[in-house]
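Straight from TrEMBL, the features:
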REPEAT    20-53  repeat 'TPR'
REPEAT    60-93  repeat 'TPR'
REPEAT    159-192  repeat 'TPR'
REPEAT    199-232  repeat 'TPR'
REPEAT    239-272  repeat 'TPR'
REPEAT    279-312  repeat 'TPR'
REPEAT    319-352  repeat 'TPR'
REPEAT    359-392  repeat 'TPR'
REPEAT    399-432  repeat 'TPR'
REPEAT    439-472  repeat 'TPR'
Amino acid sequence: EYYEKALAIAIEIGDKQVQSKSYGNLGNVFQLLGEYQKAKEYCEKALAIAIEIGDKQVQSALYSDLGSVFKSLGEYQKAKEYYEKVLAIAIEIGDKQVQSAAYNNLANFFQLGGEYQKAKEYCEKALAIAIEIGDKQVQKYCEKALAIAIEIGDKQVQSALYSDLGSVFKSLGEYQKAKEYYEKALAIAIEIGDKQVQSKSYGNLGSVFKSLGEYQKAKEYCEKALAIAIEIGDKQVQSSLYGNLGSVFKSLGEYEKAKEYCEKALAIAIESGDKQVQSASYSDLGSVFKSLGEYQKAKEYYEKVLAIAIEIGDKQVQSKSYGNLGNVFQLLGEYQKAKEYYEKALPIAIEIGDKQVQSALYSNLGSVFKSLGEYQKAKEYYEKVLAIAIEIGDKQVQSSLYGNLGSVFKSLGEYEKAKEYYEKALAIAIEIGDKQVQSSSYGNLGNVFKSLGEYQKAKEYYEKALAIAIEIGDKQVQSALYSNLGSV
């Protein structure tokens, strides 16, 4: 009814664009009502006007609608033709999202027609674009491509897709699921003797164990990956694995070893002229010196990272580098300067739509305000981070943020509220298998019970925290927990 009114006015005033849109909207309504013939008529009227006024985007959407109508009518050949038109326009106007969806729709038709090779090819194109633009449909495309690869028995593609699915779940913070997929990729790679994928899979599993705080296991897997990369002479992967191992040794508190591995990664990157890996290696070295308390040296390395990022126009790394420099100033107790750098990093992260870095920066600003005793402001920033983490489904950040908010409430003397937030952090950490956050959450809950004078309960929680810290080999946390246990 409303669309008909809009159409009547558009015809009366001669507004072609609104006429086209209204016919299209009416077509969609008839399609939803299952009146496909009527839907077809209206979409065709809309399309004729869109072609007349040269609106490519609307043409593309209408070809897609018509493709869907013909599919519902069982006219697959005609539907396929329309989806091909959608694809052609999407390529012409550079609309990556529509290209990805069109390749996916066309893959469906090839699959229906038993043309599995072609279906696989189109599915892979859809997937590649979805990964490139960070489309949330990527998981769906992966699963479809995987089904086709299994159907035609293509082991190599199966292995690659399990690996892609692992990466999807890793980016969502679902490490347990990521681990399962990486293990499937590895099993197939071993079965077919694909050394390159074996190396990649061991490396990916190492990365998952690192995210889960299982550093000993991360080290084992990264070393397996590195041995294969050296055997097959893959310098790029070697460089990346030296960097990963450096990061693992840093987490284990073995800073000298961390430094040694990061320097190996850097040497290969300089030799091959890979600016991106050089930048990552300088960043890792900055992080090592930061952990050693050599803040001046850390600052120098982070400035090198920033210089390369500006040189190659890498906005993401620029934002991250300003953030790291802010972090160094924060550790030096120069909170005002830290705040300045975080505020330089934040607009870039917002500009490029990097939710993850935005999240980290809001968190850092929250931490700065907490150090300045501005708890209300700290709380506001932590809540912003939490909202982003929930929006993008990042369980790890959610867990960490509940911990930070718990810490703010503890500083405000609101122990019951602090307890509630620490318990939320713990629940998520257990769900995703993050041992490090489990340990810190048990420790934080121990602190709350201690503040409430419930020493027996505090002791229980400290012991739980300590058991995990020993299991994952975190010496620093073990030391703090022994001290806490001594105090109760």
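Yeah, the Cβs are placed from backbone N, Cα and C, and that goes for glycine too.
Model, not experiment: these values are computed from the prediction.
Counting C-beta pairs under 8 angstroms (sequence separation of 6 or more), the repeat 'TPR' (199-232) reaches the repeat 'TPR' (439-472) with 3 or more such pairs.
Within its own chain, the repeat 'TPR' (439-472) is flanked in space by residues 213-216, 399, 403, 406-407, 410, 415, 418-419, 422-423, 425-426, 429, 478, 480-482, 484-485, 487-488, which lie at least six positions past its ends and keep a Cβ under 8 Å from the stretch.
Per-residue confidence over the repeat 'TPR' (319-352) averages out at a pLDDT of 93. Here the repeat 'TPR' (159-192) is broken down by DSSP into helix, strand and coil counts: 31 helix, 0 strand, 3 coil. With a cut-off of 8 Å between Cβ atoms, the residues of this chain six or more beyond the repeat 'TPR' (239-272) that come close are 203, 206-207, 210, 213, 215-216, 218-219, 222-223, 225-226, 229, 278, 280-282, 284-285, 287-288, 291-292, 473-476. Away from its own ends, the repeat 'TPR' (399-432) comes close to residues 173-176, 212, 363, 366-367, 370, 375, 378-379, 382-383, 385-386, 389, 438, 440-442, 444-445, 447-448, 451-452 of its chain (Cβ-Cβ under 8 Å, at least six residues beyond either end). Mapped onto DSSP classes, the repeat 'TPR' (399-432) shows 31 helix, 0 strand, 3 coil. Residues in the repeat 'TPR' (279-312) partition by DSSP class (helix H, G, I; strand E, B; coil) as 31 helix, 0 strand, 3 coil. Assigned with DSSP, the residues of the repeat 'TPR' (319-352) fall into helix, strand and coil as follows: 30 helix, 0 strand, 4 coil.
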